[in-house]
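Peer 1: First, the structure itself, so that you have it in front of you.
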Number of protein chains: 2
Amino acid sequence: MATDTSKYSFNHTMLRVKDPQASVKFYTEILGMKYITKHDLPDAKATLYFLAFVDAVPESQKEKLKLAFSHSGVIELLHNWGTENQPDFSYNNGNKDDVGRGFGHTSVLVDDLKEACKRLETLGVKFHKKPTEGGIHTVAFIADPDDYWVEIIGNPLYTGENPL
Amino acid sequence: MATDTSKYSFNHTMLRVKDPQASVKFYTEILGMKYITKHDLPDAKATLYFLAFVDAVPESQKEKLKLAFSHSGVIELLHNWGTENQPDFSYNNGNKDDVGRGFGHTSVLVDDLKEACKRLETLGVKFHKKPTEGGIHTVAFIADPDDYWVEIIGNPLYTGENPL
């Protein structure tokens, strides 16, 4: 039995999304991730979308999937076909008491929190918490199109100080 | 206004956990992550635990937090003090219809899926899906102590083939 976990690595976080067009737009245009590829699951009537902070996306679908399943910190979005046309449909973002909390958020590191938040405000992004609000002023929380929380944090490698 | 997102990167996925001792044991001993550090939030009566696949953990708390807030693919566990002593307390793992689905899972890449699953079975880990079950035989789903799903996938860089 292999007991060696030294080649193990973190891959992705999967979130179900109502409208993949809106979500892909958010994670690429607002957060700056690259859209890697999608993969249809016809039996499940669903499609997976893969996004990540990568320098470049290869051309072939084989190389795209290889990247999606080897990179650390991929966002995998699962779209169950048709939900985007159901006005009352929404997913649980994990932060609502009345439907049970659990998952909290994903987080994105930026080089300059103040500048990043200024840009996000200009782009009309919804904030759950601005840096000036609450007890911890070194982070912000924004909402993705399904109201999943995304924490925005200054990367200490750029800011020179830890957020906590 | 800075519009440049080129220095942005993915940091962590936050999950609320009932019993941090059980969760830290799972993510380190079962999945092979390193425990980086914890950080108390006394005002919120909560503690954050940071884990990731890293080669080494630095000695000082300052360097540990710097690592936790610069690495890609960190797991941040939030423990609200006292939940571990409430027998009926549990979090929503995002995959239960009756409390609203949303978050799906995190995923860990392994060098050999079959060997990894053999090891996980020997360790008594709960499986939501073994590779031989369901339509896709290239992945498994296991449960962490809060029943959050963790997908286990063969890393194409080691296996030579994509899981999809």
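Any Cβ shown, glycine's included, is placed from N, Cα and C.
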Peer 1: Per TrEMBL, which of B:His39, B:His105 sits in the Zn(2+) site along with B:Glu76, B:Glu151?
Peer 2: B:His105
Peer 1: Of these recorded positions, B:Glu76, B:His105, B:Glu151, which scores lowest on Cβ atoms within 10 Å?
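Peer 2: Minimum Cβ neighbour count within 10 Å, taken over the recorded positions B:Glu76, B:His105, B:Glu151, occurs at B:Glu151.
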Peer 1: Hey, how far is B:His105 (Zn(2+) binding site) from B:Glu151 (active site, proton donor/acceptor), Cα to Cα, in Å?
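Peer 2: One finds 7 Å between the Cα atoms of these residues.
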Peer 1: Under the DSSP assignment, what numbers of helix, strand and coil residues are found in the domain 'VOC' (B:9-155)?
Peer 2: 38 helix, 54 strand, 55 coil
Peer 1: May I ask for the distance between B:Glu76 (Zn(2+) binding site) and B:Glu151 (active site, proton donor/acceptor), taken between their Cα atoms and rounded to an integer number of Å?
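Peer 2: It is 17 Å, counting Cα to Cα.
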